[in-house]
């Protein structure tokens with residue numbers, strides 16, 4: 001599948017004086033699902049270490065289930081697919097899809113305030129995929145374990161109550177713990193297994209440097225960045241010894257803490273590239289070629305490189321941390337890396353006939369509504385057309401609910417349905 005570039009507005013690359021890059025999932029692409037499986041295994045081990053049941057270790061990472069940009073409901077433990085306006089499109093409790101009635105009972109008008117950070121957490125990044133799957137696994141485990149009583153907002157075990165909010169906090173703490181130690185260490189121990197290497201990368205950056213300035217701004221530490229970038233640019237022994245990776249950049253900034261980097265930022269400190277340690281005090285001298293800095297801000301990048309916001313094209317994978325903040329606060333031109341698009345474009349090509357049929361049915365339904373007079377015949381046609389449009393999992397859920405007492409759709413403290421694993425990413 002060739003790489004595609006989509007544009008929201010025209011961009012004259014000849015006017016770009018400076019190219020900026022994030023590292024993780026931009027210059028450094030991690031191999032999927034091997035990298036996510038590693039993270040997932042380390043998360044399970046960490047949770048067991050802090051007291052979670054050993055039985056959760058039976059779960060293995062399934063790359064077909066999670067997708068990016070799902071929302072975790074910290075109150076009810078549901079994973080939600082939400083559109084840009086806050087409308088709930090799909091929901092899952094563990095591996096069980098929520099019915100229409102269940103979604104309405106949890107979220108009146110099928111709507112949520114996505115910026116309500118007290119209740120909802122948006123799993124924005126590719127780094128969040130193992131975490132997303134873990135939430136489903138934990139809900140699946142505790143819901144099906146006879147030792148725990150299912151409640152609306154968590155699980156009761158004797159005199160102990162574990163809320164979904166505390167479960168969320170435990171997973172978040174585990175993520176922070178493994179990324180500071182275990183995951184980074186395991187990745188560096190076997191770079192070939194977890195990191196993709198593209199021989200075209202040095203060529204690309206070399207050409208960019210011929211026509212402008214190039215900088216790297218990453219949240220990763222220097223030692224990790226140095227190991228990853230050395231691997232990516234060591235295409236051959238001759239090239240590795242002839243040109244170090246730092247020579248491809250005019251400016252290198254690590255530990256940026258984006259999106260904070262695009263606001264007031266942090267103290268700019270220089271990194272000792274031999275030891276990886278930071279020099280004491282704020283760096284106030286002129287920019288030194290191939291030097292590495294820690295912290296700083298986007299304003300300092302512009303000052304050190306002598307460029308303005310509109311002169312910069314910044315390329316990253318995080319729509320919030322990399323793209324929106326740099327665009328809105330600094331006026332940088334931006335390019336979002338979305339690796340999932342390759343997969344989705346493949347599906348688009350494979351399912352072209354089905355998509356055309358859906359478009360035809362949608363147009364047909366609109367025509368019926370436009371000219372309907374309320375006759376029973378037209379209502380039958382409308383219902384038939386709607387059933388044709390429904391996705392398979394929606395039809396199954398609808399049929400299951402038709403066979404149940406309506407009152408059973410309202411989930412009480414002890415009546416949450418047991419999970420039956422589904423594929424959330426493909427359904428979405």
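Cβ from N, Cα, C; glycine included.
Swiss-Prot names 22, 24 as Mg(2+) ligands; from the candidate set 274, 299, 311, 317, the record adds 317 to that same site. It is 8 Å from the Cα atom of residue 317 (Mg(2+) binding site) to that of residue 22 (active site, nucleophile). In the three-state DSSP reading, residue 24 (Mg(2+) binding site) counts as strand. In sequence order, 23, 25, 26, 27, 28, 218, 316, 318, 322, 337 are the same-chain residues whose CB sits within 8 A of the CB centroid of 22, 24, 317, the residues recorded for Mg(2+) being left out.
Counting other Cβ atoms within 10 Å of each Cβ, the lowest count among the recorded positions 22, 317 belongs to 317. Within 10 Å of the C-beta atom of residue 24 (Mg(2+) binding site) sit 20 other C-beta atoms, taking all shown protein chains into account.
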